[in-house]
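Okay, so here's the structure we're looking at.
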Amino acid sequence: HMRNHLGSKPFQCSQCSYSCVNKSMLNSHLKSHSNVYQYRCADCNYATKYCHSLKLHLRKYQHNPAMVLNLDGTPNPLPIIDVYGTRRGPKQKPFSKMFEPQGPVSNNNQPQPPAPTHPIFGNHFPVNLPYLPPLLPHSFLFPPNNNYEQRTSPKNHEIQTEKPQQMSPPASILHQRLSYTERPLESGSTSPPPKSPPSITQTPTHREMPTEHGDDALDLTNAKTSEAGTPPPPTERATPVTPTTALKNRRKGRAFKLQPAALRLQHEDEKMRDADGSDSESDASAEVASSSAASSYTCQFCDITFGDLTMHTIHMGFHGYNDPFMC
């Protein structure tokens, strides 16, 4: 390109006054001084001095190229005419491919090393043909390899033996969860499950968790009849089961998260009862009931006091169990 700007034409023809800027133009010009037609058609008498002209002829008539000739007229088997390629000029066949024997000359007793040739097509294709359509199964395209099966079969057995072991820990965790949820029901007195619509069917785990919620909700209201750490029996429930509370208990299945707050309120109630030992038992129980009713609807995380149990329970449901301030 710079030679065109500078007007320099260093390539001169030895037979005439022609000069050009590159070697390829000079080679094309030298063909005009020769009578040898290097590129010929194998299906007809067409012959030309230029490779591009032969490609156009082969594309137009669907013919095949003949062997390329040298500048002196001798045949040259190395160049390959790529009819539909975009590269200008003939392709050069590598010397190693020309001098390789076509027939199988290796000894049968010696194992052949793995070569990147296809097992069916042999040396005709130097690659494994990734574009081959998957019309045949894998066993028909490739010969069986016992070493590969022996290497992969122990791993398959190990995977099959490890699967039951991997499945067993979730089963044990499930049994622990079921035993944990069934333990309060066995220890306490028998009571009917909370009311729920007959159309809704739930699993045993989800059916038992509202009862735990009912026991823990009792810790907030009936603190005068329960000791620290032991939930009162369900028969002494103070708040009646209304459709609103039944729906709320079914929706909120993790009410046992409020147990630390209930224990803290129970300890405060015990301290107040110890301080008022001179009063009668009826007066002490009334004061404890009134104080617990005033403080049982308070969120210990947000310092918010609610007017009734419904709003307090809905609010406490938004606090996480591990992290109360994480939604």
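Glycine is treated like the rest: Cβ placed from N, Cα and C.
Summarising the annotation, Swiss-Prot assigns compositional bias 'Basic and acidic residues' to 205-216 (among others).
Under the heading compositional bias 'Basic and acidic residues', Swiss-Prot lists 265-276 (among others).
Positions annotated as region 'Disordered' by Swiss-Prot: 91-121 (among others).
Residues annotated as region 'Disordered' in Swiss-Prot: 143-170 (among others).
The feature region 'Disordered' is assigned by Swiss-Prot to 182-290 (among others).
Mapped onto DSSP classes, the zinc finger (1-5) shows 4 helix, 0 strand, 1 coil. Annotation source Swiss-Prot lists zinc finger at 1-5 (among others).
The feature zinc finger is assigned by Swiss-Prot to 11-33 (among others), with sequence analysis given as support. A Cβ distance under 8 Å defines the sequence-distant neighbours of the zinc finger (11-33), meaning residues of its chain 6+ beyond its ends; these are 3-4, 49-50.
As annotated by Swiss-Prot, zinc finger applies to 39-63 (among others), with the evidence given as sequence analysis. As a whole-number mean, the pLDDT of the zinc finger (39-63) in this prediction is 94.
Sequence annotations record features per position, and here Swiss-Prot assigns zinc finger to 297-319 (among others). Under DSSP, residues within the zinc finger (297-319) fall into helix, strand and coil as 8 helix, 4 strand, 11 coil.
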